[in-house]
Amino acid sequence: MKIQIINGPNLNLLGVREKSIYGDSDFNTYLDSLKHRYPSYEISYFQSNKEGELIDKLHEVGFDYDAIILNAGAYTHTSVAIADAISAINTPVVEVHISNVHKREAFRHHSYLSAVCKGIIVGFGLDGYRLAIESFTAPVQQ
Ligand code: DQA
């Protein structure tokens, strides 16, 4: 199982940025714990503050990887181009937000990405990335 995690703008500052909203942990420490928990999965990580680089990464992995977990940060609320990239690729994408965007400012309530993603995980802190992995790897048959 090849899983790509993609984080967008300002998420390089996790552990430093607005800790009351995003928590104390930096992403690399969290990523180590995820890799430790799921040793049999190949988990890759990419972060960029640039919209075009996020799109390039979606194109690069989107025909080959089994799963993409995307937190596009503020581009979630603005980017038709990232939504189009998700539509263009074959790999399913789960949208993650660390904070519960629906408890926050109105401009965070709309996502251009949700309608083209497999699903959305919002408001569970960093644990949302683990929940996203579980959604790909351990679904209960219905
Ligand atoms: C975020 C929520 C966005 O509204 C914000 O712009 C972010 C982080 C989250 O993970 O909660 O940068 O995607």
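Every residue gets a Cβ built from N, Cα and C, even glycine.
Where the annotation comes from TrEMBL, it is an automatic prediction and has not been curated.
Now, the feature entries from TrEMBL:
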SITE      ARG17  site 'Transition state stabilizer'
ACT_SITE  TYR22  active site, proton acceptor
BINDING   ASN71, HIS77, ASP84, ILE98, SER99, ARG108  substrate binding site
ACT_SITE  HIS97  active site, proton donor
Per DSSP, SER99 (substrate binding site) is which: helix, strand or coil? coil
Translate the DSSP assignment of ASP84 (substrate binding site) into the three-state scheme. helix
Taking only the recorded positions HIS77, ASP84, HIS97, ILE98, which one has a CA atom nearest to the CA atom of ARG17 (site 'Transition state stabilizer')? ILE98
Work out how many Å separate ARG108 (substrate binding site) and TYR22 (active site, proton acceptor) at their Cα atoms, rounded off. 15
Going through the recorded positions ARG17, TYR22, ASP84, HIS97, ILE98 in sequence order, which have a CB under 6 Å from an atom of ligand 1? HIS97, ILE98
Using the alpha carbons only, what distance in Å do you get between HIS97 (active site, proton donor) and TYR22 (active site, proton acceptor) once rounded? 10
With Cβ-Cβ distance below 8 Å and at least 6 positions apart along the chain, what are the contacts of ASN71 (substrate binding site)? List them in sequence order. ILE6, ASN7, GLY8, LEU11, GLU95, VAL96, HIS97, ILE98, TYR129
